[in-house]
Amino acid sequence: MTAKILDGKAIAQQIEVEIHERAAAFEARTGRRPGLAAVLVGDDPASQVYVRNKERACARVGIQSHMHRLPDDTTAAELMALIAQLNADPAVSGILVQLPLPAGIDPTPILDAIDPAKDVDCFHPQNVGLVSQGRPRFLPCTPHGVLQILHRSGISAAGKHAVIIGRSEIVGKPMALMLMQKDSTCGSSAANATVTVCHSRTADMPAICRTADILIAAIGKPKFVTADMVKPGAAVIDVGINRTDDGLCGDVDFESVKEVASAITPVPGGVGPLTVVMLMENTLRAAEWQAAQ
Ligand SMILES: Nc1nc(=O)c2c([nH]1)NC[C@@H]1CN(c3ccc(C(=O)N[C@@H](CCC(=O)O)C(=O)O)cc3)C=[N+]21
Ligand SMILES: [Mg+2]
């Protein structure tokens, strides 16, 4: 079997059209553009790429981007002062502090200081709590993007065994919560999975992965998932983006796994573009709520 390649870029473009229409309607109704403030501290090359992609997406969908590029030696106090200013600015609907922050700054108090109504990354404990209770205000961008890829590719999760490799607060953990819930923004077929989470201390991970109908790799190890870990016919979603000497690659060994899976996302052009577009959706959602207050 050769897998169907799930074209994340094309799916993201479809969703962008929908968001562009909603953003235009918002602007027509309120006379204001939704605004996204992105804070980038230091000069991490991957972060530069991601933030530039987010800025470009804002321009395409009709969101005003407010970029704050700060030097590597910015202090936590300076960053806190900027967050306070952005929290108070009515032109700023959503705030994103690009991670990782430079080694000297603890991200937790910074992220906790973002107004939960502007927390478009969905990292604030209040928003994480709402997701975990199945009544989300925002959805975390990458897991939401994965649900959109599955849903818009006609892959149902309901009743299936979804195995997630990785337990990060940003991807693995919220992905598990969202897949096991009764419903999702994409309907009940993009939820209701039986979920297993594997991590670095999991015993016999390959055997567990081989029972997955949907296998989601989010560990940050290049080509970690090999063909022997995949059940024939499984759908494989690769959340990893690793920069190696031979260029970008995911957490999945694409060339071998595509011969076993029924569907697979590429890297680049898979989950990454969805992460960006779901951030646009959250920013628009934030603007709509703030306008209704
Ligand atoms: N506060 C915060 N929020 C984030 O959402 C966040 C973050 N920090 N830190 C890093 C990760 C990673 N991330 C990506 C964004 C865009 C692409 C993306 O555009 N990918 C394209 C291009 C990849 C490339 O050229 O490098 C693709 O996969 O096709 C990927 C990954 C957001 N993250
Ligand atoms: Mg990573």
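Sequential numbering from 1, following the chain as shown.
The backbone N, Cα and C atoms fix where each Cβ goes, and this holds for glycine too.
No curator has checked TrEMBL annotations; they are predicted automatically.
Note that the structure is a prediction, hence the values are computed from the model and not measured.
For reference, TrEMBL has these:
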- G166, R167, S168, I241: NADP(+) binding site (BINDING)
- 6-121: domain 'Tetrahydrofolate dehydrogenase/cyclohydrolase catalytic' (DOMAIN)
- 140-290: domain 'Tetrahydrofolate dehydrogenase/cyclohydrolase NAD(P)-binding' (DOMAIN)
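A Cβ distance below 6 Å to any atom of ligand 1 is met by none of the binding-site residues G166, R167, S168.
Sequence-distant contacts of R167 (NADP(+) binding site), defined by Cβ-Cβ distance under 8 angstroms and a gap of at least six in the same chain, are K173, V197, H199. In this entry, NADP(+) is bound by G166, R167, S168, I241, whose most widely separated C-alpha atoms sit 16 angstrom apart.
Close to G166 (NADP(+) binding site) in the fold, though at least 6 residues off in sequence, lie G172, V197, C198, H199, A217, A218, I219, G220, V239, each with a CB less than 8 Å from its CB. Mean pLDDT for the domain 'Tetrahydrofolate dehydrogenase/cyclohydrolase NAD(P)-binding' (140-290) in this predicted model: 97.
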